[in-house]
Amino acid sequence: MRTENTLSFQTEALILQTIRTTLHNKMKSLDEAAGIEIIGENNNRERENQSETSHNKSPLLADPWKPWRRSRATIKEWLLKLRCCLGAVCGIEWYGYAALGVFTAILSFLMDLSVTKLLTAHRGLYMKLEGNSLLQFFCWTLYPACLCAVASSFSHNICPFSTGSGIPEVRTMLAGFKMPHYLSLTNMSTKFLGLICTLAAGSTVFLGKVGPFVHLSAMIGAYLSNLCDLIQANNKEKAGGEMLVVAAAVGVASCFGAPITGVLFSVEVMCSHFALRHYYPCFFSAACGALTFRLFSVWSGDEETPQALFKTNFPAAVPFYSLEILLFAFLGLLCGAVSCCYLACHRWMLQFTKTNPMFNKMLTTEKGLYSGMVAFLLASLTFPHSVGQYMASKHTMKQLLTSLLDSRQWSSQSNNASLYLGPEALLEWSSSGSPVFLPLAVFLLMKMWMLVLACTLPLPAGYFMPVFVYGAALGRFLGEGVAYVSSTGLTSGLQWASINPGGYALAGAAAFSGAVTHTLSPALLAVELTGQFSHAIPVLIATLLANALARSGHRPSFYDALSIGKRLPHLPSLKKACPRLPSTPVGQVLGAISVTLQKAAGPVEVKLAVNTSTDSQIPVVDSHESQIILGFVLRAELLMFLRHCESEALEKHLDEVCCIHPTSVLLSPHNTVQEAHSILSLVGAQTLFVADRGRLLGLITWPEMKRILEDLAKEI
């Protein structure tokens, strides 16, 4: 009897345990279904109530080992509700564009603040050593030398990809080539800290921040793009390259508070083919970045309201005379000629550092020592008690540009400097007591080769702002000459009441920087930086003529020369180096076909093709003997074909189960590399097939195009 009771008790316990297990599994399945419903897009009220009711039974609460289960579930629920509310207003990617502008502007402001503190500390230490020239010399030279050595060593040891401008690499990535090392978090932090050290070296090294900051903005954009893809898991149609295009515009806008220039810079410099779908996101994100950058300047107490970065006081009644248009045109031609000399020297220096054994060894193994030595040499030449007194060496980059854009005539005031030249910005150019033409001439002659030498430093640095300031000095030199001639009455009866040398400096800055980079965006930048729309026409004329002269003869731009020197697979740059390379027929550089499938292929052949090739599109031919291309089949369909054959244990052919997709674009072996590259960029196809009279010869993917361009780059 006891045995029967025991058995019945065990049976009841077993039944209860079975019921409990069944209920637990059902509840678990309901929880998973509720979770899927919450993650999806629920716009109706009934589904929201269902997810809200079942979320309290989520797997977060079912896992006993996780702390704060109910709090975590509540936070997740509110985050999902927030995502639904934000998604109802606009797409998640637009919040990413806004966040990109805001984060980049905050980064730019923090960088400027840190650099200002370091420069102020250096200037204060130098002033405290007044009266001891030797100690002042060591303070003036060792400070930037140590900073450059630290920046170079830090970049070389932590992340070697962080050196240089970064714009050539971003352009290559926007052309379709993947370079993940240049978008890593390590690269971003290393480049940020190294760039602070470079800028803190001051105007002695004469380097800027535009290029590296565009690279930093691209890194932030890449991470925000991944975050947007994670948030909207069911909508991954947006390409990551779109965020990189927007980031290029935001990088410039966050440096100068100039959103329109940022978008035009992204169109001209960064993209070989600018899609119209990028137009509005670029403006939106650049406007967010520029506004945030200017608001931070107001909140920090530097300015009273958001306005132009460089304040100017050009005369509003008669900003320039009609005949001065000819002088602005001459200035454009002059800037174009000087830019050709500068670019030629820059290309020669890049070639020399690669071919000279001593420079090559130092730039390979002793980067910190090389940077420190070069910075020490440049700082010695700019020491205020030597040649630096003729170069306004105590000024920062911003102070140099502000002084050069001054509308007053320095040449007419140099005879009584103590009476007229009150501001410190003007006193620096006349501290030696000599006429203003001598400091400007020394500045132009010395900074030309010093800037070429500084471009070889293996550290994070920008090269746009230095040429912008150099162009302003070139325009100022011409403007002062015109003002001097007009004031002495040597203009053959044409008495001009007042000449504005600052207008010539503004036009010279835009023309020279535009000629060096082969772009027109500096003309718009000059207007946005100063707010002087009265000089828009002269600035544009000078920039157009300078570009025309600099582009003649298929000369590569500054960024093209960097791409060529680094042998990056960027076709526009290679075309500038050797115009015949892009005209190379595809048939001459086409690689061998990795794998093909015939339409009657069985499971064994399909399995071999899947294991051999990693391409997403595998070509299908009529037979291996004829090689007549029929189309392609997707890799995912081949995997389904194999599973289908294994489950049914049937021997079927490929064309009986899989869909053979027709090829939309079929290239001839006589098509050029440039045509194939353009089709890949515009169409966005992953694979282009090359056939001669229907017979498959090969295929071109982005990795294959990269190999072709790298092989062509080796021939330069």
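Just so you know, glycine gets a Cβ as well, placed from its N, Cα and C.
Per TrEMBL, the feature transmembrane segment maps to 94-113 (among others).
Residues or ranges marked as transmembrane segment by TrEMBL: 134-154 (among others).
Residues of the same chain lying 6 or more positions beyond the ends of the transmembrane segment (188-206) and with a Cβ under 8 Å from any Cβ of it are 107, 111, 114-115, 118-119, 122, 140, 143-144, 147-148, 150-152, 154-155, 158-159, 162-163, 166, 212-213, 215-216, 219-220, 375, 378-379, 382, 393, 395-397, 400, 447, 450-451, 454, 457, 459-462, 466. Look at TrEMBL and you will find 188-206 (among others) tagged as transmembrane segment.
If you look up TrEMBL, you'll see 244-267 (among others) marked as transmembrane segment.
Feature annotation from TrEMBL assigns transmembrane segment to 279-300 (among others). Within the chain, the transmembrane segment (279-300) has long-range Cβ neighbours (under 8 A, six or more residues past its boundaries) at 93-94, 97-98, 100-102, 104-106, 108-109, 113, 242, 245-247, 249-250, 252-260, 262-263, 266, 306-307.
Sequence-distant neighbours of the transmembrane segment (320-345) (same chain, 6+ residues past either end, Cβ-Cβ under 8 Å): 448-449, 451-452, 467, 471, 474-475, 478, 482, 494, 496, 499-500, 503-504, 507-508, 511-512, 515-516, 534-535, 537-539, 541-550, 555-558, 561. Among the features that TrEMBL reports, transmembrane segment is placed at 320-345 (among others).
Note on the transmembrane segment (368-387): residues 133, 136-137, 140-153, 156, 201, 203-206, 359, 362, 393-394, 442, 446, 450, 453-454, 456-459 of its chain, located 6 or more positions outside it, place their CB under 8 angstroms from a CB of the stretch. Positions annotated as transmembrane segment by TrEMBL: 368-387 (among others).
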